[in-house]
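Below is one structure; the comments refer to it alone.
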Amino acid sequence: MCNINWIDEDLKYIWHPCSQMKDYEELKPIVIDHGKGSYLYDINGKEYIDIISSWWCNLLGHANPKINEAIKNQLDNLEHVIFANLSHKPAIKLCQELIKVVPKGLCKFNFSDNGSASVECALKMAFQYHYQTGNPQKQRFMCLSEGYHGETIGALSVGSMDLYAKIYKPMLMNAVHTSAPDCYRCPYHQNRETCKCECFVHAEEDFAKYGNELAAVIVEPLIQGSAGMRIYPPLYLEKLRKLCDEYNVLLIADEIATGFGRTGKMFAFDYTNVSPDIMTISKGLTGGYMPMAITITTQKIYDAFYADYNEGKAFMHSHTYSGNPLGCSAALAVQKILREENILAKAQDTAKYLHEKLQATFANHKNVGEIRHLGLINAIELVKDKDTKEAFDSKKRLGYQIYKNALQKGLLLRPLGDVLYFNPPLNIDKQTLDKAISICHTSINEVLNS
Ligand SMILES: *Cc1c(COP(=O)(O)O)cnc(C)c1O
């Protein structure tokens with residue numbers, strides 16, 4: 001057993017997520033041995049820059065000594081315990097920390113173990129809230145076109161990306177999909193820095209039609225991640241808040257991707273002067289260490305479930321690994337690092353550097369339609385024609401070709417269609433960004449010129 005071919009063994013057993021496994025005939029799985037900071041190392045010692053934070057979750061680098069330490073300490077105390085009736089200090093302390101940073105009014109924390117589960121939890125909570133407050137007719141959900149909230153059946157129902165949902169349509173709930181802001185190709189010919197959210201008219205029309213039957217609206221605030229890091233202005237959320245209040249519809253903020261400094265502020269909603277009724281967090285919560293998520297809500301919603309047991313109003317929703325102490329310890333360490341090392345302020349500085357450098361490298365490129373950015377997130381949308389904004393034929397899989405090219409050169413990009421993006425750990429250094437930009441540039445040109 002000394003000469004194990006790990007790649008063959010992988011392909012023998014493993015069905016990888018979100019992959020056409022036939023693609024692996026040509027692009028073999030890369031077997032990672034270890035990680036350090038913004039870098040990953042495969043079993044042959046080859047180095048890769050993890051510019052996408054391993055699917056947006058790694059917040060403070062791989063093998064972060066402080067997070068490692070926190071988990072190791074917790075491990076010797078308690079690995080896990082049933083979270084109904086029983087509790088533990090890491091979970092309690094985590095809530096004490098989070099309540100200081102989440103949008104105002106959010107104060108009750110329901111734990112689960114992945115992003116999709118926290119979305120399911122939010123949807124059920126909203127549904128049951130209305131049922132128990134005299135509005136049982138409020139049973140539907142509204143979401144934005146091109147939105148993404150995970151891939152379990154409920155979460156998929158409030159997502160709008162055909163790539164993930166189309167085949168399963170007969171299995172899904174009948175949600176109202178309202179037309180989302182599309183700032184790069186704005187139908188009103190406005191720009192996102194100065195517009196008045198003219199596109200909000202679609203939400204208004206749909207509320208007029210369906211408002212009375214809606215339980216909640218769910219959105220990815222400010223950045224529609226999976227759609228290609230589509231960025232829209234905070235005003236849209238403020239308008240949505242007002243509309244929700246008018247129609248007694250709950251507002252669910254899915255901050256799974258945008259939370260914990262990704263947008264430059266702690267949460268995307270911090271760019272607005274309003275709060276959601278329910279917020280889901282996961283990804284960066286544990287620094288990308290442990291699968292954990294939380295659905296956070298208000299006292300008002302919590303109170304609608306609070307009654308004598310026999311009234312049957314409890315929220316009968318659970319996950320075996322709810323409140324896992326190792327996850328809570330990692331999350332606590334993350335909060336401590338963010339605060340003590342002033343990470344968000346430093347990341348703002350790095351973000352400015354990154355965007356200016358990307359702008360200088362790509363702005364004049366004939367196939368770069370837009371470089372949109374918020375916080376450290378920067379997305380480069382490649383187009384066939386810059387003037388008409390016409391996309392490349394998706395069958396060409398241009399983004400995928402660039403991905404493969406960049407991997408050979410030691411950069412992990414994983415584009416969304418033809419949108420290449422950087423979403424690095426918040427504490428990435430500028431030299432690493434330089435290197436990533438340089439590889440990205442070379443790969444784009446090699447693929448486009450071939
Ligand atoms: C990743 C993501 C999810 C799903 O989280 P999983 O842990 O992958 O189930 C939901 N919503 C948004 C906005 C996400 O980015």
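Cβ atoms are placed via backbone N, Cα and C, with glycine included.
Curation plays no part in TrEMBL annotations; they are all automatic predictions.
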Further binder of pyridoxal 5'-phosphate named by TrEMBL next to Gly115, Ser116, His319, Thr320, taken from the candidates Asp50, Asp254, Asp385: Asp254
Measure from the CA atom of Lys283 (substrate binding site) to the CA atom of His319 (pyridoxal 5'-phosphate binding site) and give the result in Å, rounded to a whole number. 17
Identify which of the binding-site residues Lys283, His319, Arg414 has its Cβ surrounded by the largest number of other Cβ atoms within 10 Å, counting every protein chain shown. Lys283
Rounded to a whole angstrom, what is the C-alpha distance between Arg414 (substrate binding site) and Gly115 (pyridoxal 5'-phosphate binding site)? 20
Spatially speaking, which of the binding-site residues Trp55, Tyr148, Lys283 is closest to Asp254 (pyridoxal 5'-phosphate binding site)? Use C-alpha to C-alpha, please. Tyr148
In the three-state scheme derived from DSSP, which category covers Arg414 (substrate binding site)? coil
Rank the binding-site residues Gly115, Ser116, Tyr148 by the number of other Cβ atoms within 10 Å of each Cβ, and give the residue at the low end. Ser116
If the substrate binders are Trp55, Tyr148, Lys283, Ser318, Arg414 per the record, what's the largest distance between their Cα atoms, in Å? 33
